[in-house]
Amino acid sequence: MTVQPKRVLLVDDEEKLLASIARRMKVLGLEPLTATNGISAIEIAMRNSIDMAIVDLQMPDMNGLVTITKLKEIKPDLKTVLLTGHGNDKVKQATESLNTLYFEKEEMGDFWRFIKGLDTNGKVVVIRPSASNGGTSGASGGGSASSIEIHSQRDFAGTSYPQTSPTTPVDRAGIDTPLRIFGETAAMRELRKGIERVTPLDCPVMLQGENGTGKERIARHIHSRSRHHGQRFLTVDCENLGSDQFVRQLIGYGQNDLYEAIRSQSGMFGAGQVGSLFFDRVEAMPLAMQAQLVGIIDAIDRSKADGGQNTATDIRILAATEIDLNERVIAGKFDPALYDRLTFFKFVIPPLRQRKDDIPLLCSFYLRQFNDEFKKPVESIDPNVIEILSAYPFPGNVSELSDIIERAVILADGTTIEKRHLPERFLKTGVDAIALPEDLSTLAQLENQYILKVLDITGGNKSKSAEILGISRAALWRKLKNIKADAAPSPESIPQP
């Protein structure tokens, strides 16, 4: 008898996040139905049989709590989950009354562990952040994001949970290790040194880099190693946030004086909710909103100076941009006052095409990550695949590489990722259809010739050569070892006596 996949209704007005969650759920064997607002969700629920609804809190017209209430009127036994980027005690109480679980968007790892706890009988293992007070956590307890507990015998929309022992704390250190984030090339090692120097400070940090270079990952790294690590890391998408909504969410509704709003701990400044505020794609922020942000930053600084240190007003500002903002300032398209405040420290993240020696290392990390995630036995990546990826320009940078390895792990039917597991654009190139002269050198041969030329110029100084080549000394040693191996004569070429 064929087991029908569980049908999950996903409701979120952020279409990119919605598509991402739906894609991952398909991989996990679930059948997602999607809606971008509460009204559409209700219409889908009336027409379809669904096993669970996962609803975002912040949506126009009808918020997530109202949507869940309406869905439960249609299907009283429906299992429901609330996703929120702005959780507070009132939200927790509301989810309790609705017999609904909730997860913070910045802790999606907990959410996915919950989804993977769904079993074939429609039961779930509830995975929640453990209580911060050290006591026994309830089903809606807030608290530390560094560990989880599995709660058993809890009723969730009429379903009992199997008896399960608490899990051990989740080791997040291995997920975002500095080596994984920064790599080992000279440019990234210097970036890492600079980041580590400013991490303990409270000053603003600007991260500049192309799309997909890992700006948010580095921002989270800064947050996780700062004294704010026990508080929330909140991302503000400057491209999709209206000016009025921006101020209301930051300082609270009905507030006019920025300083008094922050001192009174309203909005996102209330109850120490936020430790680091990350403004992504800050170049997309309208000029009017830029002036408001200057006022907010100044109000935070004034609050700290007036005794706000170590209170809810003690917030660190981080920002990211894909362009050189100084050019926007010169063109009159970016507020120079905001530029000065955000670029107290500025770091430029090089694109992946400029640090290709990191590609094998990153491939290894992503292989382990997706192996664990999808429970696959893939042990290695064919060297030909690494060579193909190393020759690719990666317009999508590290994010694109991650997607490629994720897809390959899913498709792999053995223990090795091969060329056939790569996207179609890698499977056939224009070279296949062109008759080329036989004496053309390969890219690897040209690289070897260039390395030897640099060594000759530097008189064999490997440290200086590595610096000129833009790679680490260890990477240079590996390449020289390969050159030596390639130059060794084969047994067939040795004259026989």
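Using N, Cα and C of the backbone, Cβ positions are placed for all residues, glycine too.
A TrEMBL annotation is a machine prediction, not a hand-curated record.
According to TrEMBL:
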DOMAIN    7-116  domain 'Response regulatory'
MOD_RES   Asp56  4-aspartylphosphate
DOMAIN    181-410  domain 'Sigma-54 factor interaction'
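DSSP gives Asp56 (4-aspartylphosphate) a strand state. Looking just at the domain 'Response regulatory' (7-116), the mean pLDDT is 84. Broken down with DSSP, the domain 'Response regulatory' (7-116) shows 55 helix, 25 strand, 30 coil.
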